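> One structure is given below, represented as structure tokens, and several questions about it will come after.
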Amino acid sequence: MSHLFAHLARMKLIQRWPLMYNVRTENVQEHSLQVAMVAHALVIISNRKFGTTLDAHQATSLAIFHDASEILTGDLPTPVKYFNKEIEAEYKKIEAIAEQRMLDMVPDEFKEDYRSLFISDYADPTYKAIVKSADTLCAYLKCLEENRAGNTEFNTARKRLEAMLESNPNPAVKYFMDCFVPSFTLNLDEINKML
């Protein structure tokens, strides 16, 4: 018997941004879906606009599971995770243990299919970078949504993430920012007017 999917089902119970006041809370499961959709889009943009031949499904699969180990660790807030180099190094060890525990739940005959999805060191670096970009984009979108709802709690995070995205070397990220992100500052009536 494997407890893998019983654990994965608990992704919806792990709240993100735990130290911040949220107008609307976000859980790891819904965040992972959004990251998967954005990672898929980044690959499509990259292939169609910038001549790459990447596999959108590989990026999507990696994105779905990118935070799965948080079922075991919880979502440690960024200021805590990166407080200093010692804490960051120790947390990476904790993450590695949690990733291995996730893989250990997979039946032996499927372990190789899941290894690169659960163990970040086994993930293809190209797709890992795409998922990291998508993850950053989604965190930025969360900040925009909170700001639009009048919550200034996310201002500092928004500025930090915006700077990260502006310095991102992937041209698909800039394209996504220019094409899709502005809509996140609009309300539903404004979005519907544009249809």
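A Cβ is built for glycine as well, from the same backbone N, Cα and C atoms used for every other residue.
Quantities reported herein were computed from a predicted structural model and do not represent experimental measurements.
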> Which one, Asp124, Asp135, Asp178, is listed by Swiss-Prot in the same divalent metal cation site as His31, His66, Asp67?
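Record source Swiss-Prot; matching candidate: Asp135.
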> In whole Å, note down how far the CA of His66 (divalent metal cation binding site) lies from the CA of Asp135 (substrate binding site).
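About 9 Å separate the Cα atoms of these two residues.
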> Give me the CA-CA distance between Arg16 (substrate binding site) and Asp67 (divalent metal cation binding site), in Å, as a whole number.
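Each residue's Cα considered, Arg16 (substrate binding site) and Asp67 (divalent metal cation binding site) end up 11 Å apart.
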> Using the residues the record lists for substrate (Arg16, Trp17, His31, Asp67, Asp75, Leu76, Pro77, Thr78, Asp135), what whole-number Å value is the largest Cα to Cα distance?
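Of all Cα pairs among the recorded substrate binders, the widest measures 16 Å.
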> Distance check, please: Cα of Asp67 (divalent metal cation binding site) against Cα of His31 (substrate binding site), rounded to an integer number of angstrom.
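Cα-Cα distance, Asp67 (divalent metal cation binding site) to His31 (substrate binding site): 9 Å.
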